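The annotation transmembrane segment is assigned in TrEMBL to 19-37, 77-100, 120-144, 171-189, 195-216, 357-379, 385-410. Look at TrEMBL and you will find 41-225 tagged as domain 'CAAX prenyl protease 1 N-terminal'. Residues or ranges marked as domain 'Peptidase M48' by TrEMBL: 229-472. What TrEMBL records for His335, His339, Glu415 is Zn(2+) binding site. Per TrEMBL, the feature active site maps to Glu336. The annotation active site, proton donor is assigned in TrEMBL to Asp419.
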Amino acid sequence: MGIWASVDAMWDFPAEKRIFGAVLLFSWTVYLWETFLAQRQRRIYKTTTHVPPELEQIMDSDTFEKSRLYQLDKSTFSFWSGLYSVVESTFILLFGGIPYLWKLSGRFCGSAGFGPEYEIIQSLVFLLLATLYSALTGLPWSIYNTFVIEEKHGFNHQTLEFFMKDTIKKFIVTQCILLPVSSLLLYIIKIGGDYFFIYAWLFTLVVSLVLVTIYADYIAPLFDKFTPLPEGKLKQEIEVMAKSIDFPLTKVYVVEGSKRSSHSNAYFYGFFKNKRIVLFDTLLEEYSVLNKDKQEEPGVEPRSDGEGDSEEIRAKVKNKKQGCKNEEVLAVLGHELGHWKLGHTIKNIIISQINSFLCFFLFAVLIGQRVLFAAFGFYDTQPTLIGLLIIFQFIFSPYNEVLSFCLTVLSRRFEFQADAFAKKLGMAKDLYSALIKLNKDNLGFPVSDWLFSTWHYSHPPLLERLQALKATKRD
């Protein structure tokens, strides 16, 4: 009786209070749900101290223990950073941090001669201050993660000076993109009339396509060194494989990821007939600087041309053999190109754009609701940027959680399909060994709680992927 009376009493509050309370309640519900899942997985890390029988053929006890301790440290860090994040967000909302920052932005604009009618200018100042605050408050966490956790487990290769330069550079590049794009979006919404949501969606579509097109050629090289893959057997085999599946490959690059971390990766990018493949040097056993102290490859000169790419790196990992053989690299690329051949990339773009259009349409429906602004402390003004923030970040948060889970499930399905595609290319055996090596190099823990992995893993657990490959591997 008392519980229902309390629930009924909630409806006696003004609408803006109910909205504000619902937002806070949902944010804490998500946090508690994530914490519950994380504790389930953490229990796995703590109790699974020996290699399970089904993993004895693919993982030695030393690597298993290293990965267990690494994931335990990451889990602890995630708990405290997540707690800080939700508490910080709660305090910002409870104490009117958003309207305060908007008023502060207005004072800055006023001192520069821009009145309230210059809403877009004030919005850009708000964005600059908000992102600066986020960068500064997130910096200690990033430093701890890089120089304590990643350093402890042998992944970090950055000096503090390099890290700070990189952080500042990222912030500047982000502002150079964010501020012009935001100003144009706000302008389109202002002048777009009743159908502004269509124009706003088309604008964001064009911007996303342009950014995807120019990222690897103009943005990524600001942070990492890209060099063409040298002529040789690996490049020839990559070109032959691409041609066999009609992949319009134009260039293959190696990115110097080892100056930051020993984690490895590979990806492709580009539209239409201009596709390019990027391989991390840490993926290539014959190319990675991390293996130079173990064995100098014939005909390959050691590199000493990049920040962090020095004796200091080699000293940290002198006993660590990293990367995949050429056949395994080809198998990994066979998997990645399978995503393209099977239309996964196009499907993801279509899903993303349908979602974007739906969100802009709902934004157009809700932007006129003054109660939404009042719920977050904006009683006398309804800035467009604040409306975007409230609706996209807070009002849509339940929808975003459901969508994220659905995309995670879809991603796992796509990963299995891409593995199957590599199998059809006759690469099951090499992909099998490559997955084991990559898991070892990145200290992935191969045992997971079923509920945690279902909710979080965009890639299937290692054992599930290996089991799907095993039959063909034996053949």
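Cβ from N, Cα, C; glycine included.
His335 (Zn(2+) binding site) sits 5 Å from the residue listed as 'active site, proton donor', taking the Cα positions as reference. Each of the recorded positions Glu415, Asp419 was scored by other CB atoms within 10 A of its CB, and the lowest score goes to Glu415. Long-range neighbours of His339 (Zn(2+) binding site) (same chain, six or more residues apart, CB within less than 8 Å of its CB): Thr345, Phe414, Ala418. A C-beta separation below 8 Å, combined with a sequence spacing of at least six in one chain, links the residue listed as 'active site' to Ala266, Tyr267, Phe268, Ile277, Ala418.
Long-range neighbours of the transmembrane segment (171-189) within the same chain, counting only residues 6 or more positions beyond its ends whose Cβ lies under 8 Å from a Cβ of the stretch, are 119-120, 123-124, 127-128, 131-132, 135, 196, 199-200, 203-204, 207, 211, 219, 222, 384-385. Same-chain residues lying 6+ beyond the ends of the transmembrane segment (357-379) with a Cβ under 8 Å from its Cβ atoms: 15-17, 19-20, 23, 93, 96, 98-99, 102, 196-198, 200-201, 204, 386-388, 390-392, 394-396.
Residues 23, 26-27, 30, 98, 102, 119, 123, 126-127, 182, 186, 351, 355, 359, 362-363, 366-367, 372-373, 375-376, 378, 454-458 of the same chain lie 6 or more positions beyond the ends of the transmembrane segment (385-410) yet place their CB under 8 Å from a CB of it. Residue environment of His335 (Zn(2+) binding site) contains 24 other Cβ atoms, counted within 10 Å of its Cβ in all protein chains.
The average pLDDT the prediction assigns to the domain 'CAAX prenyl protease 1 N-terminal' (41-225) is 93.
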